[in-house]
2 protein chains.
Amino acid sequence: MNMNDQIGAAQLMVELGERSYPIWIGSGLISRIGRAFQLQHIPTGSPILVITDDKVGPKYLHQVAEALEYVGYSVSTHQVPSGEKSKSLRVFEDCISAALEAGCDRKSTVVALGGGVVGDLAGFVAATYMRGVRFVQVPTTILAHDSSVGGKVAVNHPLAKNIIGAFHQPDMVLYDTSTLQSLPDRDVRSGLAEMIKHGLIWDQSFAAWCEEHAEQLLAKDEEALTYGLLQGCAIKAAVVSQDERENDLRAILNLGHTIGHALEAVAGYGELLHGEAIAIGMIGSARLAEQMGMAAGVAEYTERLMKSFGLPTAIPAHYDTEQIIAAMMHDKKFNEGRTMFVLPTAIGRVEIRRDVPVEQVRDIIEELKGAGTWQ
Amino acid sequence: MNMNDQIGAAQLMVELGERSYPIWIGSGLISRIGRAFQLQHIPTGSPILVITDDKVGPKYLHQVAEALEYVGYSVSTHQVPSGEKSKSLRVFEDCISAALEAGCDRKSTVVALGGGVVGDLAGFVAATYMRGVRFVQVPTTILAHDSSVGGKVAVNHPLAKNIIGAFHQPDMVLYDTSTLQSLPDRDVRSGLAEMIKHGLIWDQSFAAWCEEHAEQLLAKDEEALTYGLLQGCAIKAAVVSQDERENDLRAILNLGHTIGHALEAVAGYGELLHGEAIAIGMIGSARLAEQMGMAAGVAEYTERLMKSFGLPTAIPAHYDTEQIIAAMMHDKKFNEGRTMFVLPTAIGRVEIRRDVPVEQVRDIIEELKGAGTWQ
Ligand SMILES: NC(=O)c1ccc[n+]([C@@H]2O[C@H](COP(=O)([O-])OP(=O)(O)OC[C@H]3O[C@@H](n4cnc5c(N)ncnc54)[C@H](O)[C@@H]3O)[C@@H](O)[C@H]2O)c1
Ligand SMILES: NC(=O)c1ccc[n+]([C@@H]2O[C@H](COP(=O)([O-])OP(=O)(O)OC[C@H]3O[C@@H](n4cnc5c(N)ncnc54)[C@H](O)[C@@H]3O)[C@@H](O)[C@H]2O)c1
Ligand SMILES: [Zn+2]
Ligand SMILES: [Zn+2]
């Protein structure tokens, strides 16, 4: 982590050999996106396509397009409906049409301006348009600190989340913390769940820092956010650098996601926010770990942490347990007849297990439906 | 090229570092697919999904599935309508649904049983399902000797061919020449166009061999076919090994494709077969090269070769010239305002040019509409 003087922002490099790229984090960065493009040697001869959603677009698209045009880029834009439902093949096809209509070619760049939904969708467009073009992320949610590192891009299938996708690293990430001021509170909390996750899997002191700064983070204090986002990105980058394609280590990033993804699928995409689902999932994992004798005290700690961030700690009682179990079996983490769980052994330490008996998972789900808060 | 005794077939390795893979070519190979899977260490614990079309499926699917099940694989199948129209996002989505319903996981293998259409479609499924699973090609057309080497997979958009895709190398290619006996004559000719192309771009003596063996090849003589397919695959493999992602050299494989793809788009996918379109395109390129003073005699030679294989040598007169020109600008070969042409300098030698004036292209298209044969 250091400062980039030409951009005037904190800079973190994601080290991936020839696919390494910078993440810049700072206030007011989108007005400097033109300069950032030049620093990354993005050619001006081919059209740029900015993909955004209909909540973010009206606020920031004009500024981004103008800053790019100012330094000589020709910019087209495409706006999709806000929300998880836009991570579909239908909306993906519309984006490809927009790229064609804009005259995008193999040297074009796709820019994702928005949260994780726009990032995953536009990233899949960049990964597949003409078999892959340049990709730049301009995240506008807290959650997107997670989705903008690691190169996983995808859309959903009605039966399973993120099932259609690719690995496609961005050329750079430009994180303008001032855009976060307009983020709705529920999305703030959802995004902070992934930030906390990075502490829980890797760095006990960062988890403690999150707990101590819950109030500032929830109030979107820019200094606290900048530190938390840098820390979260740095942890994810460290993991991904060691295992870009998720052969082993990278799987630890899935803490809370085995149960979380299943809950999202059962809820119907969009009802339960991603961060909310994994908050519940992280509590579930901690309880499983304790029941299996792998850890002590982690469940209580995890639950307290989630509560201090106003995140849900229970599964809505009307969700069907068997449907949740079935959804786990359509997940990418399920293979050769077993599903994978990331279980904590202590705060800041996790283990990957493929031997959790399904009966135990069922019990934990029932338990999570019984108690806790659900807004 | 050598023999693999365990499979009893000619073997060619496509050298791509850790993504290297074998191509086996021989008569009756699909009955040995189980053994081939074992040799490639494809795990039995995860379901195999065989994708085929409704002309190939009824003939060969049963045999393939049985041979795999015999050695312990669990096999699901999915049949799509035959023809270029199946290279669409709609049909792609159906394939993903089939994979989910079959319970395919990250260790599953997608098998393409069919021609280039099934290969490109199933390949894109393998490239994107859970961000990439194993892929095996079982080509049943002559044209597929081209599409099974190089890892290019894609589907079409109504506005442009192969515009949505990826690079995804197969784990192996199993080419059973006996399946070619049921291939309709028109598809035989279309496939031979790509075989000839490999001679024209790389190896004058192979082009001459093709001309001498036109009769045997058209009559589907297995010995001639095996030699021609091996030679064609070997040339393509040599090119691709040096430039997997088409940064420069690989572009020479597009001889005839700038005009050819535009013709396919204007015709409406399916009306003009791919090999037919590029046959016309190769003649167009040769004429362009002569007009630009780069070569002499190549146009006449190319036209004669196409005629001896019963391939079309003219553009159907009712095609609109301006539409053809417009289609070229939606092609992947078009960027930064110019389109790319592969032009012959002699038989077996080509050059990549980005400076062909559009007026000259227009003239050649008009000329090609005037004369020659169109079945
Ligand atoms: N690729 C990865 O590695 C990865 C990792 C984690 C999550 N994800 C994906 O990310 C998605 C969730 O991301 P998200 O929570 O950012 O969702 P999102 O993109 O839907 O954004 C949340 C909501 O906030 C709105 N919004 C965004 N920025 C705003 C701003 N600055 N001001 C006002 N409103 C704003 C959006 O329109 C949306 O309604 C999920 O689909 C998840 O699967 C991907
Ligand atoms: N990926 C690449 O590098 C690459 C290279 C060249 C071509 N292609 C693509 O390949 C496609 C054309 O391939 P194709 O010509 O094989 O088309 P195809 O797959 O449509 O096959 C042609 C026809 O023959 C039928 N058929 C196939 N095998 C048969 C058999 N053994 N017996 C009887 N009928 C059979 C099919 O059902 C179809 O009707 C195009 O979409 C083209 O873009 C891709
Ligand atoms: Zn997540
Ligand atoms: Zn071709």
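Every residue gets a Cβ built from N, Cα and C, even glycine.
Per TrEMBL, the features are:
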type	residues	note
DOMAIN	A:79-189	domain '3-dehydroquinate synthase N-terminal'
BINDING	A:82-87, A:116-120, A:140-141, A:Lys152, A:Lys161	NAD(+) binding site
DOMAIN	A:191-333	domain '3-dehydroquinate synthase C-terminal'
BINDING	A:Glu194, A:His257, A:His274	Zn(2+) binding site
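Here the features listed in TrEMBL are placed on the structure.
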residue	record	DSSP class
A:Ser82	NAD(+) binding site	coil
A:Gly116	NAD(+) binding site	helix
A:Lys161	NAD(+) binding site	strand
A:Glu194	Zn(2+) binding site	helix
A:His257	Zn(2+) binding site	helix
A:His274	Zn(2+) binding site	helix
Within 8 Å of the Cβ centroid of A:Glu194, A:His257, A:His274, the other same-chain residues by Cβ around the recorded Zn(2+) site are A:Leu143, A:Asp146, A:Ala193, A:Lys197, A:Gly256, A:Gly260, A:Gly275, A:Ala277, A:Ile278
Cα nearest A:Glu84 (NAD(+) binding site) among binding-site residues (A:Glu194, A:His257, A:His274) -> A:His274
Rounded to a whole number of Å, the separation of the Cα atoms of A:Lys161 (NAD(+) binding site) and A:His257 (Zn(2+) binding site) comes to 11
Checking the binding-site residues A:Ser82, A:Glu84, A:Gly116, A:Thr141, A:His257 against ligand 1, those whose Cβ falls under 6 Å of one of its atoms come out as A:Ser82, A:Glu84, A:Gly116, A:Thr141
Argmin Cα dist to A:His257 (Zn(2+) binding site) over the binding-site residues A:Ser86, A:Gly116, A:Val118, A:Thr141 returns A:Gly116
Residues near A:Ser82 (NAD(+) binding site) by Cβ (under 8 Å) yet at least 6 apart in sequence within the same chain, in sequence order, are A:Asp53, A:Asp54, A:Lys55, A:Val56, A:Val117
Counting across all protein chains, other CB atoms within 10 angstroms of the CB of A:His257 (Zn(2+) binding site) number 25
Long-range Cβ list for A:Ser86 (NAD(+) binding site), cut-off under 8 Å, min separation 6+ in sequence, same chain only, gives A:Asp53, A:Val80, A:Val117, A:Val118, A:Leu121
For A:Asp120 (NAD(+) binding site), the nonlocal same-chain Cβ neighbours (under 8 Å, six or more residues apart) come out as A:Lys87, A:Ser147, A:Lys152, A:Val153, A:Ala154, A:Val155, A:Asn162, A:Gly165
Model confidence over the domain '3-dehydroquinate synthase C-terminal' (A:191-333), as mean pLDDT, sits at 94
Least crowded of the binding-site residues A:Glu84, A:Glu194, counting other Cβ atoms within 10 Å of each Cβ, is A:Glu84
